[in-house]
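Copied from TrEMBL, the annotated features are:
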BINDING   A:111, A:112, A:113, A:114, A:115, A:135, A:136, A:148  NAD(+) binding site
BINDING   A:190, A:253, A:269  Zn(2+) binding site
DOMAIN    A:73-184  domain '3-dehydroquinate synthase N-terminal'
DOMAIN    A:187-330  domain '3-dehydroquinate synthase C-terminal'
């Protein structure tokens, strides 16, 4: 019997910059010319039908102008595109167009595009670099820090994927102006989540400045884009592999993801998270972690952001309960929720222990007696 | 405009052990009991129809005996199972059976199983640990060092995948006895490749001891299992991301992979590589890197190993040339081959420059005038 030791210890540097500003299309292409991605000359632009004309096409034109090879791969806008099948189709189209390992991926769009494109880049030729050009508030809040990329499957959301860091993220605040209202509201849910879990200050700012943000006030938008990065960064930095602390980012998401799936994506992600934030607040109140008044404040802020706070009538509540059990935090068949503590903090049981076990009776009580 | 720096520098330790021995089923389960994978209690065994009864089932039984949760996920033996579709099917089956992020994958089989299962483990729940139990000579030579995992697509082999290191590799020499002859011969091709590219000593050993190995002489088998690990380790250690040196492992593979695909997998991987080794030797002779006598020695060794050295009649030679252009080493539309220099060395043009540009005329000349 022989033994062979494979030594693979090394320093990995996945650091990158996030640029927050107005209209960063030229900046992106200039960064590439200036060597952001080394000698790479071929760019697979992955985008969706929403931003094809206003962002992907102009960036494509700028790249071609500089003599780079580029192609645009378009997915239908919406969560339903985040599948293994879409990933395979783009891979095949890229192969067909001759893309090999000497290319990079540019994801232009919201969270769906960056999740899908980041995952695809991570497995294409066993990994090619990618850049994210975030055109939605949701992507700015959610997808630009953390390196979480994934697709959905019929049985679970976000369970097949990778931790894969982009080489740079561009948050284009101008793009927020072009968002349909409902998309903008939906994106706000993750910002409110960040406020609920980590910052009373941000919560108060949102209460006072929601109208300003929704009318694209530059200073207010920059403020929240920055604040989102800071909060997420603090959490993610300490826990890159989601072993514990990062679970707090799941605030509102256990319930949110379940209701999003049961709605068959009639609810946008942020809308589902908004309802999830209400559900966890009710649970937190039941458990004594939040006062009635705190819960009301959370609901009021969500309403101010034009987000739903009730379970839509078309939702099958039994299916919803069943779906909760597919959550990643489920251990040994038991539901676990991250819960808010007051406003701007979460319940913690000890180092890296943030998920409260919740019985089926408890959640059933919330669903049947707290919601309308 | 604001800038946000995400600092993600860290030390990663992917070191692992390779155990070479006879019948390691109990050892594997004991290692797990002793904490090889921490507290993980759920094991998805991925295997193929060839070794299900003799290896996967006994290991499953031993795990269940120790009160672990385990399930066996079976793929049809053969390269055709290495697809995105098979990966999706196993993922869905695992989700159905309640596997979440708190599980590990055990790959039991040859290179196809470890490539597929290693890739699957790398994206399941954004990465769960995996162990490889290699039951073929090919897996021992090829799949146990390097962390290369992948699936094939209609347009390219091994292009969608990951670098993903196992937590431990078990090379069970006893399993070689159960291999069909053709599989054993096929596995020998990678060992001969290692000898051609890096060790005259191993080449000579194989010339002298082929019969011993094929009759499962313990000492001879351990010798080559170890030698394979050493050669591959030296190459891989210096170049984990395949930026240059690792290209030498592609000796015989540019041609080999192309002919494997064009044969629609009638040729086993090693058989295709054997023909590829002959093709690169002819090219090396044309370019003045090998003597006529060296080329004859390589062909003689392949024949001794019962491997093919001619292009089968059913191969469409024009399709074969076309297919060569899908190789990962193609840059700017130009073919590049790793070439042998004498026996036990490869052609090198400078630091990490191992791939020789070959014109279509040159390879066409080899295919039409050197092969029968």
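If you go along the chain as it appears here, the first residue is 1 and each next one adds 1.
Quick reminder: no glycine exception, Cβ is built from N, Cα and C everywhere.
Features as recorded by TrEMBL, highlighted on the structure.
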residue	record	contacts (Cβ under 8 Å, 6+ apart)
A:111	NAD(+) binding site	A:136, A:138, A:139, A:142, A:143, A:269
A:112	NAD(+) binding site	A:48, A:75, A:77, A:78, A:79, A:81, A:82
A:113	NAD(+) binding site	A:46, A:47, A:48, A:75, A:107, A:139
A:114	NAD(+) binding site	A:107, A:132, A:134, A:139, A:143, A:144, A:149, A:166
A:115	NAD(+) binding site	A:82, A:143, A:148, A:149, A:150, A:151, A:158, A:161
A:135	NAD(+) binding site	A:50, A:51, A:55, A:108, A:109, A:110, A:172, A:175, A:178, A:179
A:190	Zn(2+) binding site	A:137, A:138, A:141, A:142, A:228, A:270, A:273
A:253	Zn(2+) binding site	A:273, A:276, A:338
Members of the binding-site residues set A:111, A:113, A:114, A:148 whose C-beta sits under 8 angstroms from chain B: A:148
Three-state secondary structure, which DSSP defines for residue A:148 (NAD(+) binding site): strand
Neighbours of A:190, A:253, A:269 excl. site residues, C-beta within 8 Å of centre, Zn(2+): A:138, A:142, A:189, A:193, A:252, A:256, A:257, A:270, A:272, A:273, A:276
Secondary structure composition of the domain '3-dehydroquinate synthase C-terminal' (A:187-330) [DSSP: H/G/I, E/B, coil]: 102 helix, 0 strand, 42 coil
Per-state residue totals over the domain '3-dehydroquinate synthase N-terminal' (A:73-184) - DSSP helix, strand, coil: 45 helix, 36 strand, 31 coil
